[in-house]
Amino acid sequence: MFHLAQSLYDSWNAREEYSVLILGLDNAGKTTLLEEVKSSYIPNYKKLPPNRILPTMGQNVATIKVNKVYLKFWDVGGQDTLRELWDEYYETAHAIVFVIDSCDKDRLVECSNALTKIVTNDLVEGLPILMLANKQDLDSPDKMELVDIKEIFNPIAESLNARDSRVLPVSAITGNGVKEAIEWLQVRVSRNKVNRPPKYRKSKKRSK
Ligand code: G3D
Ligand code: MG
């Protein structure tokens, strides 16, 4: 009896789908990150070489299975004009990944303004926010310390209500830290399921 209940529970869970928006300024590394996520979780996936990744004009979408649930990632362009479109995605989102170029000190203000605009949108209230301090592999004199990035971005993410937020160091190019980031997300969206229920994927019809 227990096994039957367990397998019903597992198959129900296996249909949960959560949408994750990958946001951040252009050039932060969003598309490279999504490529890395796909190659880590999709068997036999052939990663695009970095020189084939062009600035994103439309959107890149990928669904991956993590610990029995599906995470559907949306990488929408980060250029100024495309940022207006982010609002359209909030209503159906379950979490936000905000990618930061750790070596781009010059755009720090623009970057924190973009995050502030996101978290102050009513539709984003209570959603887990994961900030990724990307490009950790670079050894540039301009590279910001992780503690400084945390000091700036943590208070912004937490400004409204108590919500789950975290800054994690990653390299979308080498893949360092990416799996840890995805696991963090999966746990948080599942935990927030009462407030933002998942979409349930239709089970495939059995062939006769
Ligand atoms: P975007 O989708 O946020 O606009 P992209 O950013 O994924 O197109 O990446 C922008 C540039 O940053 C690319 O370089 C890409 O290779 C580089 N990049 C992304 N992530 C990392 C990283 O973790 N480490 C390093 N060293 N570079 C990274 P180009 O030269 O093609 O502009
Ligand atoms: Mg892109």
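Every residue gets a Cβ built from N, Cα and C, even glycine.
Positions annotated as GTP binding site by TrEMBL: G24, L25, D26, N27, A28, G29, K30, T31, G78, N134, K135, Q136, D137. If you look up TrEMBL, you'll see T31, T56 marked as Mg(2+) binding site.
Feature map: annotations from TrEMBL on the structure.
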residue: T31; record: Mg(2+) binding site; Cβ contacts under 8 Å, 6 or more apart: I53, T56, N60, D75
residue: K135; record: GTP binding site; Cβ contacts under 8 Å, 6 or more apart: G29, D101, S102, C103, K143, S171, A172, I173
residue: D137; record: GTP binding site; Cβ contacts under 8 Å, 6 or more apart: S171, I173, T174, N176
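Other C-beta atoms found within 10 angstroms of the C-beta of K30 (GTP binding site) number 29, with every protein chain shown included.
Packing around T56 (Mg(2+) binding site) is summarised by its Cβ count: 18 other Cβ atoms lie within 10 angstroms of its Cβ, all protein chains included. DSSP gives T31 (Mg(2+) binding site) a helix state. Taking D26, A28, T31, T56, K135 as the candidate binding-site residues, the subset whose CB lies under 6 angstroms from any atom of ligand 2 consists of T31, T56.
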